[in-house]
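First comes the structure, then the notes that go with it.
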Amino acid sequence: MMAIDDLPPLRAVIAEHGLSARKALGQNFLLDLNLTAKIARAAGDLTGADVLEVGPGPGGLTRGLLASGARRVLAVEKDARCLPALAQIAAAYPGRLEVIEGDALDIDPLDHLTPPYKVVANLPYNVGTELLIRWLTPESWPPAWSSLTLMFQREVAERIVAQPGSKAYGRLAILAQWRADAQIALTLPPEAFTPPPKVSSAVVHLTALPEPRYPADPAVLERVVARAFNQRRKMLRAALKGLAPDIEDRLRAAGIAPTERAEQVPLEAFCALARTLS
Ligand code: SAM
């Protein structure tokens with residue numbers, strides 16, 4: 001296949017800068033630049049786009065983003081050992097890559113990028129979920145990002161896109177699908193990474209809706225959904241008993257049978273229930 005740029009292969013970059021993968025930082029690197037270009041394409045047309053990349057590591061995905069035409073990439077990396085490799089990429093794409101050494105959980109991209117920007121990341125699983133929840137729950141909507149293209153453990157990716165009636169359906173599906181379109185763009189076997197993680201991974205692509213899919217107060221919706229799924233085997237009239245003395249009537253008003261379980265209830269009905277409780 002054609003090289004995506006004139007920089008050295010990633011194995012050489014890793015050897016040159018001594019970037020042995022650190023487990024504590026969740027380092028599982030992607031070394032195939034055709035694959036990183038494919039992930040960059042999953043983020044949509046990047047021509048002229050501003051991109052926030054979290055956890056660039058040795059820069060495989062960063063190179064994919066720049067080669068795909070991103071106007072500007074802001075890359076936030078916690079591991080200082082990666083900075084010289086990233087500086088080489090910045091030099092090959094003058095004025096287009098800014099690298100910040102730091103924890104993505106502490107950085108406000110708006111200090112560096114003009115919204116709306118796209119977010120692309122291959123991150124450790126725990127940081128990825130925490131960031132996803134933050135990105136989906138900003139103070140106001142629409143958010144500063146237009147899309148999120150994120151690598152997760154496959155099981156987590158399936159929870160994000162899950163539909164009612166499935167075991168994977170829960171708070172994460174509701175949170176994600178209430179304010180975004182979410183789909184799995186590609187799945188990757190463990191061997192796609194160096195070193196390989198224990199389980200398969202998947203890239204989820206979310207695009208922000210201009211406004212939430214159905215009206216509801218975010219705090220009330222979150223409270224209802226948290227209670228409903230904390231006791232997901234219970235009928236909703238029992239699981240939600242503490243929310244209102246007349247919870248059965250409110251469930252019926254929202255079109256939900258009080259004997260249903262959370263797993264069966266579509267997003268639209270949870271929003272209707274949140275409205276009756278607001
Ligand atoms: N994007 C690279 C790739 O695809 O090969 C590296 C992926 S590796 C799974 C995760 C990267 O995120 C590592 O480089 C790690 O140092 C970095 N990282 C871990 N926690 C981070 C955090 N809180 N903020 C920023 N970067 C972090």
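Any Cβ shown, glycine's included, is placed from N, Cα and C.
Positions annotated as S-adenosyl-L-methionine binding site by TrEMBL: Asn28, Leu30, Gly55, Glu77, Asp103, Asn122. What TrEMBL lists as domain 'Ribosomal RNA adenine methylase transferase N-terminal' is 35-210.
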Residue, out of the binding-site residues Asn28, Asn122, whose Cβ gathers the largest set of other Cβ atoms within 10 Å: Asn122
Number of Cβ atoms other than its own within 10 Å, given for Leu30 (S-adenosyl-L-methionine binding site): 21
Within the predicted model, mean pLDDT of the domain 'Ribosomal RNA adenine methylase transferase N-terminal' (35-210): 97
Local backbone state of Asn28 (S-adenosyl-L-methionine binding site), from DSSP in three classes: coil
Asn122 (S-adenosyl-L-methionine binding site) in three-state DSSP notation: strand
